[in-house]
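Participant: Pasting in a structure now, in structure tokens, and then I'll have a few things to ask.
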Amino acid sequence: MGQPPLTWMLMVVVASWFITTAATNTSEARWCSECHSNATCTEDEAVTTCTCQEGFTGDGLTCVDLDECAIPGAHNCSANSSCVNTPGSFSCVCPEGFRLSPGLGCTDVDECAEPGLSHCHALATCVNVVGNYLCVCPAGYRGDGWHCECSPGSCGPGLDCVPEGDALVCADPCQAHRTLDEYWRSTEYGEGYACDTDLRGWYRFVGQGGARLAETCVPVLRCNTAAPMWLNGTHPSSDEGIVSRKACAHWSGHCCLWDASVQVKACAGGYYVYNLTAPPECHLAYCTDPSSVEGTCEECSIDEDCKSDNGRWHCQCKQDFNITDISLLEHRLECGANDMKVSLGKCQLKSLGFDKVFMYLSDSRCSGFNDRDNRDWVSVVTPARDGPCGTVLTRNETHATYSNTLYLADEIIIRDRNIKINFACSYPLDMKVSLKTSLQPVVSALNITVGGTGMFTVRMALFQNPSYTQPYQGSSVTLSTEAFLYVGTMLDGGDLSRFALLMTNCYATPSGNATDPLKYFIIQDRCPHTRDSTIQVVENGESSQGRFSVQMFRFAGNYDLVYLHCEVYLCDTMNEKCKPTCSGTRFRSGSVIDQSRVLNLGPITRKGVQATVSRAAFSSLGLLKVWLPLLLSATLTLTFQ
């Protein structure tokens, strides 16, 4: 006889193992109480048996834990993890800096990407490495990454290395300084014995003594000191940044018998800050000009400097903003989501002789105003829409452009000069812009209020192309069953950076009733219907918009109309996982659809069919034909707590 087949040999080995295991792990007993605590008792009509549970070995009356970690092949821990035996089982433990992932073993933890795992300094950059992370101080700073501070001279233009808490950081001294409110620093104050030995760092002078260091030699025995200190040089303009100057002390007939190095910076708003050092001797103190009492230049804008004229300080336009040619007049254009704003600088207008400014758009009812947010500019605003203020809309395949003309005059009547500036804002076509620039888009709207966050408006619209830039327009949509439906949902208003729009259930019905029992699900429980290969979900739960497409269809039976419905949810990206994870065959969960969060669109008519839709059916979906963009649903409010 030849050798037995390999299959038979394996069957014999396996059977022997089972027989041995059964014989070893099971014993008969009189009562279940005789079984070990880690055994299972089985009672039938005649026999009571004790069997050791999985992970234990013995006869059932006595069961001992199996050490799976010591038996080759008894555990499935990966090579880069450690097996730890536990009673009846085992666990796989990853080294520090790694995390156990199903099917992948130990994977590196990105401490830089997960909040609370890295402990770098606030200014440092976290760099992930395998099993750990590094903290790197920014350029110009020194430290180990857990602690960073700047070094003198390492900061950028207009900044200095200043103390903040226990560290040194780069900061603008116009914001990072201390104040000196001491009336006796005025050059009009008499003698005294003040000495500025404790002054080190950035200071701003305020109060009745004056707001600026004196720029001329101060007589001795003034400013409550013996040898007054004054600034040997002029104050800088705001565009010069931080400049170095010398402060001189007057004594014994010498206006600069002693000196100290100081730094000065002009700040927006007409005040100065000084990086002062202690004087070389006592009694020496810094003196201020009484004609510069705070308030004389508080109205200076960023285009102006505070200048002294015959001992008095006032605002003057910077030299850079003085122009004589109208062609050099600059305008600032801001293209916002809902409006356009064009502004002209007051200093340039003043240098051109415009003591009074009359500015208006193509529709003269839209006129200029002094910009509250920035006193340097005079502005005019128009909505980014076709029509208001004479704004004209032009559109191509990729952009929508709104254009208008700004007119400028220096008198109510015009004879010699008629200045006009053409301006335009172009917006790339996306779902929102394309809806905004269409006359009658097929769109549905729903208002949702999220507690403590604000009012959100969610819209759903039907588009003609896969780029979602050409919405269907008019009072109805007729398509063949070969055509594709491109459906877009979008979120407006509120804090869009925090919330993602999630389509939880999107389905079709043959009637306008969203609760119709006959439903065809396109998206169900957040995921696409896997048995319909024409369904493509482009975006869901990732941003403030959602998109999907499906080939047009008809319901079996005597149905020629299709209505679309989408249940939407505002997902908090800070506290929830918003992007769905969809794989394999999915089954209906049976969850109830919240009709207060459902958007409705329709009807969509199959091409070649003359649809008859009652007035009530249109009304139930809010289908109103108006001159403004068409809205296809009533506005509802839902509060999330």
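Numbers here mean position along the shown chain, with the first residue as 1.
Heads up, the Cβ atoms here are built off N, Cα and C, so glycines get one too.
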Participant: Can you sort out which of C248, C255, C256 is the disulfide partner Swiss-Prot gives for C217?
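Facilitator: Swiss-Prot says the disulfide from C217 goes to C255.
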Participant: Pick from N76, N80: which does Swiss-Prot describe as N-linked glycosylation site?
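Facilitator: Matching N76, N80 against Swiss-Prot annotations yields N76.
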Participant: Can you sort out which of C506, C527, C582 is the disulfide partner Swiss-Prot gives for C566?
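Facilitator: Answer per Swiss-Prot: C506.
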Participant: Annotation N-linked glycosylation site per Swiss-Prot: which of the candidates N232, N396 has it?
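Facilitator: Going through N232, N396 one by one, Swiss-Prot flags N232 as N-linked glycosylation site.
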Participant: Going by Swiss-Prot alone, which of N25, N38 is annotated as N-linked glycosylation site?
Facilitator: N25
Participant: Average pLDDT across the region 'ZP-C' (454-589)?
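Facilitator: Across the residues of the region 'ZP-C' (454-589) the model's pLDDT averages 86 on the 0 to 100 scale.
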Participant: Any residues 6+ beyond the ends of the domain 'EGF-like 2' (65-107) with a Cβ under 8 Å from its own?
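Facilitator: The answer is 38, 53-57, 130-132.
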